[in-house]
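Undergrad: Let me begin by handing over the structure; questions about it come next.
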Amino acid sequence: MDLLLVVLPAFIIFSIGYIGQKKLKLNIKSISTMSLYLMLPFLTFETFYTNKLNIEHFYMFLLSITLTIVLVCITLVYGKIIKADKSHMSVMLLGNIFPNSGNYGTPVALFAFGAVAFDYAIIIMVIQALLINTVGIFIASYGSEKPTTIKEALKKVVKMPVLYGVTLGILFQLINIQLPPTIIDGLGLLGSAAIPTVMLLLGMQLAEIQSQKFEIKYLSPVIVVRMIASPLIAALLVSFMPVNDMIKNVFVLLAAMPVAANTTMLAVQFNTKPNLLSFITLITTVISLISIPLTLYFLG
């Protein structure tokens, strides 16, 4: 019951966003843009400015890349077996590779393990954001009629606001620029607003998803890989890495998260079965009400 209470606050906020969107029909894109440009950069700046760079940051990056490669291989093998077409292959890859580490994973890490875990979760979230804006764009475009180019994908990465927050945070730390505590508190206040905002956004995005019938051979593998295989593989990977237990727990927890809501935006942009991916996002998010407490239980 205590483990369920860890997830419950997140679902309450998701529900408020869901109900609010159903009743008020707010402009999701405007709120998302506000969060992306006016809040998240300050959150990432504060995280990288206040946390000293060390070898563990490299290990977190290495873990994220390795897990992504393993999940890609599993999905490609399954896709070949069932002879999936390009668009369905793209959907399965987007669903299997990218967990909802931002809207969902970071707040749950905070609720479950505290402020230190939250900082680690932010770092992993940034790595995931880089992956989804590079690898994710290529995957989504692979299933579309007009694939993207490397140049176009790199342009999107350069335009990522969180990237500037990370860069400035690391730069300020390396050249030892000391900001007054009041400035840090002010930036922290703005950054802290990002978390409840993105949680509300997830609820709002889920409110826009409509239930439809889809072939089980495309739906079930994403549910199994995203909710079961991904955290198990993550647990295996961290056992070989010389990182502290908190990083291990956070990495496994984030690997157990449902499909990232941002993948739906990519699917819409490239017209890569957006309805199917949206429905998978909804289903995995609902399942997570049970699976995340179980993951926390096994993490001890």
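Every residue, even glycine, has its Cβ placed from backbone N, Cα and C.
Pulled these features from TrEMBL for this protein:
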type: TRANSMEM; residues: 6-21; note: transmembrane segment
type: TRANSMEM; residues: 33-51; note: transmembrane segment
type: TRANSMEM; residues: 57-79; note: transmembrane segment
type: TRANSMEM; residues: 91-114; note: transmembrane segment
type: TRANSMEM; residues: 120-142; note: transmembrane segment
type: TRANSMEM; residues: 162-180; note: transmembrane segment
type: TRANSMEM; residues: 218-240; note: transmembrane segment
type: TRANSMEM; residues: 246-268; note: transmembrane segment
type: TRANSMEM; residues: 275-299; note: transmembrane segment
Undergrad: So if I exclude everything within five residues of the ends of the transmembrane segment (162-180), which remaining residues of that chain have a CB under 8 angstroms from its CBs? That is, six or more out.
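TA: Same-chain contacts beyond the ends: 36, 40-49, 52-53, 126, 129-130.
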Undergrad: Mind checking which residues of the chain, 6+ beyond the ends of the transmembrane segment (120-142), have their Cβ under 8 Å from one of its Cβ atoms?
TA: 43-44, 47-48, 51, 57, 60-61, 64-65, 68, 86, 89-90, 93-94, 97-99, 101-102, 105-106, 109-110, 148, 152-154, 156-157, 160, 162-163, 166, 246-247, 250-251, 253-254, 260, 262-263, 266-267, 269-270, 272
Undergrad: Can you say which of 6-21, 33-51, 91-114, 218-240, 275-299 has the most Cβ pairs under 8 Å with the transmembrane segment (57-79)?
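TA: Looking only at 6-21, 33-51, 91-114, 218-240, 275-299, the most contacts with the transmembrane segment (57-79) come from 218-240.
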Undergrad: Can we call the transmembrane segment (218-240) and the transmembrane segment (33-51) in contact, meaning three or more C-beta pairs below 8 angstroms at a sequence separation of 6+?
TA: no
Undergrad: Counting Cβ pairs closer than 8 Å, which of 6-21, 33-51, 275-299 has the most of them with the transmembrane segment (246-268)?
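TA: Stretch with maximum Cβ contacts: 275-299.
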Undergrad: With contact taken as 3 or more Cβ pairs under 8 angstroms (pairs 6 or more apart in sequence), are the transmembrane segment (275-299) and the transmembrane segment (33-51) in contact?
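TA: Per Cβ check, the transmembrane segment (275-299) does not touch the transmembrane segment (33-51).
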Undergrad: Could you give the residue numbers and ranges of same-chain residues that sit at least 6 residues beyond the transmembrane segment (6-21) on either side and whose C-beta is under 8 angstroms from one of its C-beta atoms?
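TA: Result: 28, 104, 107-108, 111-112, 196, 199-204, 206-208, 285, 288-289, 292-293, 296.
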